[in-house]
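Features as listed in TrEMBL:
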type: TRANSMEM; residues: 40-62; note: transmembrane segment
type: TRANSMEM; residues: 69-90; note: transmembrane segment
type: TRANSMEM; residues: 171-194; note: transmembrane segment
type: TRANSMEM; residues: 223-241; note: transmembrane segment
type: TRANSMEM; residues: 261-281; note: transmembrane segment
type: TRANSMEM; residues: 288-306; note: transmembrane segment
type: TRANSMEM; residues: 312-334; note: transmembrane segment
type: TRANSMEM; residues: 355-378; note: transmembrane segment
type: TRANSMEM; residues: 398-422; note: transmembrane segment
type: REGION; residues: 434-458; note: region 'Disordered'
type: COMPBIAS; residues: 434-443; note: compositional bias 'Basic and acidic residues'
Amino acid sequence: QLDPFYASIILFVGRAWDAVTDPMVGFFISKTPWTRLGRLMPWIIFSTPFAVISYILIWFVPDISRGQVMWYLIFYCIFQTLVTCFHVPYSALTMFISREQSERDSATAYRMTVEVLGSVLGTAIQGQIVGKVITPCIENPVFIGMTNSSVAMEELNMTHDTGSLTDTRNAYMIAAGVIAGLYILCAVILSVGVREKRESSELRSDEPFAFFQGLKLVMNHGAYIKLIAGFLFTSLAFMLLEGNFALFCTYTLGFRNAFQNILLAIMLSATLTIPFWQWFLTRFGKKTAVYVGISSAIPFLILVAVLDGNLIVTYVVAVAAGISVAAAFLLPWSMLPDVIDDFKLQHPDSRGHEAIFFSFYVFFTKFTSGVSLGISTLSLDFAGYQTRGCSQPSEVNFTLKMLVSAVPVGLILLGLFLFKLYPIDEEKRRKNKKALQDLREDSNSSSESDNTELASIV
């Protein structure tokens, strides 16, 4: 029952805080010494219980008349920080479990498959538990044409049934508890089942660099900047699609009772096709997979905007979108280790830069989510979107069409153009792999020679 303006402020400040915490966590990880558990795993283990507590407190409604805004702002920022402490080292683990490109690609495919599957599971849990609380739409004509969302929310709160509100609060707390339990379970499986290998990411002759010097080197690496740019726009396209597809199905297409199944079709399609894209990239190369996988969504996005109210077409579009979502989120993550290998060849004396690469990659993932949220909220509010309305003005329906069709298509085309500039193709990837192997062999032989000389002197 917060004013939508304050809710937007909380989300905006949380995303801005992410811009600070992601590189900060990358900095501290790069300075973390190796322990018996590794360098990354302690961050995952020790952040988990605090992340779970802060997540539950986000959904808790405190019994205070004032200060609720600060309550949610503080715990939302704390939770974002703790998730960063989990996600950055978790993502960077790819570089610490093997030095073989094929094994890292396989690990990335498994990771992204389970991440998408986890999104399906989380969406289903939250949706089923909260969805059991009936909150009917509002047909009062006083809402028609009203563009001030704060006034609409105030009117809504005056007529809201107290019992229904209590049931809704309880449902959100139950859902938060279940998801928190899954968070703990997954962290335990990860910490027990994965071991870091120090030699997988470092050369024996490496010398540590200062963080800001390393940051400057990373951000000046052309392949990394081009990969981030392409990843940014394609991710934004699919986040706009996912974030507005439920509203689009409910209001523009009129499938109020089917949109949960349609969203489930998207997520299941993405989960099931990640192994296919993993095979495709090993067979035809990663850049080719990017062009084919991401661009395949364009004709279907145009089709769903042209053919209104066709449920079969909508399901076809959902499946096709899921296929492209799998490619859009698997392939950039699969390409990042190649960029790091390329960086190592250009800066063979640098060490500990993996966390910097992954921390900014994680940041841009969150950044696109925040930008998508901001674009959607402002566009719909400007068009006159009515909270919990049974129907929406024609301007809202037109805006939803733009957000799930025209805008994503434009962003996909821009992202594919930027991927065209990405310099690491399959030939260069093979050359980098051989050069790294030669560099490691030279480093190892040099180290053995030094040890032999020292032994003879002794």
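Cβ from N, Cα, C; glycine included.
Here the transmembrane segment (312-334) lies next to the transmembrane segment (223-241) in space: the count of CB pairs under 8 Å, restricted to residues six or more apart, reaches at least 3. With a cut-off of 8 Å on Cβ pairs spaced 6 or more residues apart, the transmembrane segment (355-378) and the transmembrane segment (171-194) reach fewer than 3 such pairs and are scored as not touching. Highlighted: of the candidate stretches 40-62, 69-90, 171-194, 288-306, 398-422, 288-306 has the greatest count of Cβ pairs under 8 Å to the transmembrane segment (261-281). When each of the listed stretches 40-62, 69-90, 171-194, 398-422 is scored by C-beta pairs under 8 angstroms to the transmembrane segment (288-306), 398-422 comes out highest.
For the transmembrane segment (69-90), the partner stretch with the highest count of Cβ pairs under 8 angstroms, out of 40-62, 171-194, 398-422, is 40-62. In terms of DSSP helix, strand and coil, the compositional bias 'Basic and acidic residues' (434-443) has 10 helix, 0 strand, 0 coil.
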